[in-house]
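These notes are about the structure you will find just below.
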Amino acid sequence: MAMVDQPLYPIAVLIDELKNEDIQLRLNSIRRLSTIARALGEERTRKELIPFLSENNDDDDEVLLATAEELGVFVPYVGGVEHASVLLPPLETLCTVEETCVRDKSVESLCRIGAQMREQDLVDHFIPLVKRLASGEWFTARVSSCGLFHIAYPSAPEALKTELRTIYGQLCQDDMPMVRRSAATNLGKFAATVEAAHLKTDIMSVFDDLTQDDQDSVRLLAVEGCAALGKLLEPQDCVAHILPVIVNFSQDKSWRVRYMVANQLYELCEAVGPDSTKTELVPAYVRLLRDNEAEVRIAAAGKVTKFSRILSPELAIQHILPCVKELSTDSSQHVRSALASVIMGMAPVLGKDATIEQLLPIFLSLLKDEFPDVRLNIISKLDQVNQVIGIDLLSQSLLPAIVELAEDRHWRVRLAIIEYIPLLASQLGVGFFDDKLGALCMQWLKDKVYSIRDAAANNVKRLAEEFGPEWAMQHIIPQVLDMINDPHYLYRMTILHAISLLAPVLGSEITSTNLLPLVVNAAKDRVPNIKFNVAKVLQSIIPIVEESVVESTIKPCLVELSEDPDVDVRFFASQALQSSDQVKMSS
């Protein structure tokens, strides 16, 4: 008897769990659908499990979302591609629910299944499903149907193809804006499957309707359609049909539509080609850069470099640069920030002379901007300018501003400067660096903000790697010697951290003769935090120095610390002693 009941067990448990009040239990059982399907076998999955899921009208969106997701990968469990059509009914039901994310996931799963189905099955089962959804009474079904046309269309016979194009045209003129929005979003995918002859007639007339829609939420989605359709059309058709639409959209009464044009402009330029860009789109882009809405100017400013690359340097200097100058003093800090993040990329486009004459003054004004993000965006891209104008000019014009920013009141700006210093050092060379920036690097070790002190210690290490141990001996070690006796214990701790980073770079000899005595001396400090940091530093130095130095200098110091009254000092000292024993054993 038990043997007979066994196959019924999984479906019985599933039914019980799916009717349970606890949502987590219901979710878990849906997530285990594939396991249950394996236990049931392909035939019983088709005849019992799938019909049960079609009838299961759970009201919780999380459970429905999980069901839609699971069904998308269910083809192997129902017997492969020849039986894939049995999965369509439960997903069709899910395409009509009110929750958007459930519908989207159901459409995604249907597309995945449809892509695997045989051509005849698509005609017999998938296309009728699309038609039913497209003529659904409730708008949710019609919204979902728009995302399925690109799967249904290629396999349809000629008569059905004409019908599908007509239906899609009706969806683009639906009474509900949500349906028109979905049709606009999916137009590019559908157009990619339509034959070239119908593309110019049916699809372009549908597209024209969407571009003149009275809802701005539909028009802004049609902007994306411009780029998608532009790639499918011949260049001359693109100029005839898409270009006028883009130019109109760039002057649209809704700022959201103009924002979308500004955001998509580079893709739109690629669609219409360089000649039309120069004649038609440059004026449109200039209008967007001078738009009265800050959001539109932000989107347009972020595309300045990409757009300039399409143009000749002369056109960029004539049309784009005047706008860039205006934007660099824009009333919105976010516009200036967006400009600062890309403006450095204009230097290679414009060439050396124009960069020195026109761009450098803009860089300088942005480097002195009151908003820290603007200054940060400029600092982080300085290397792009260096490649064009060379380090001499860069250092003359921008270095005073960099030195000023090194003492900026916003610590994040100071941090960005520190992180840029090693790159600057390698570009400027050792002589120039010592004159102008050496003192700054030591000054940061005494910053009030821990993150700056930590970054400054790492910076000192990276400079020692760049310029070599001899340079470090001359320029870093003497100043470190002075600072280890600073009255403030936090600064003394920073120096200990710097020593632990420098030791591997400087090597055994310098560490033993110059750095180790400092550390051992710090073990006599009255502050416990310093003493346990000494133990940590000594532990990191042990593998670097000779064994004789460990025995004669490091171990006695650690033994002394391991008898300290403070529990933390004793802990770290004993940990370091264990580590030294392990190093000794391994060597």
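A Cβ is built for glycine as well, from the same backbone N, Cα and C atoms used for every other residue.
As recorded in TrEMBL, the features of this protein are as follows:
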- 10-48: repeat 'HEAT' (REPEAT)
- 164-202: repeat 'HEAT' (REPEAT)
- 203-241: repeat 'HEAT' (REPEAT)
- 242-280: repeat 'HEAT' (REPEAT)
- 281-319: repeat 'HEAT' (REPEAT)
- 320-358: repeat 'HEAT' (REPEAT)
- 359-397: repeat 'HEAT' (REPEAT)
- 398-436: repeat 'HEAT' (REPEAT)
- 476-514: repeat 'HEAT' (REPEAT)
- 515-553: repeat 'HEAT' (REPEAT)
- 554-587: repeat 'HEAT' (REPEAT)
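Computed over the repeat 'HEAT' (320-358), the whole-number mean pLDDT of the model equals 80. Under 8 Å from some Cβ of the repeat 'HEAT' (164-202) lie the Cβ atoms of residues 127, 130-131, 134-135, 139, 142-147, 149-150, 152-154, 156, 209-210, 213, 215, 217-218, 221-222, 224-225, 227-229, 232-233, 237, 241, all in the same chain and six or more residues away from its ends. Secondary structure by DSSP for the repeat 'HEAT' (203-241): 33 helix, 0 strand, 6 coil. For the repeat 'HEAT' (554-587), the number of residues in each DSSP class (helix H, G, I; strand E, B; coil) is 28 helix, 0 strand, 6 coil.
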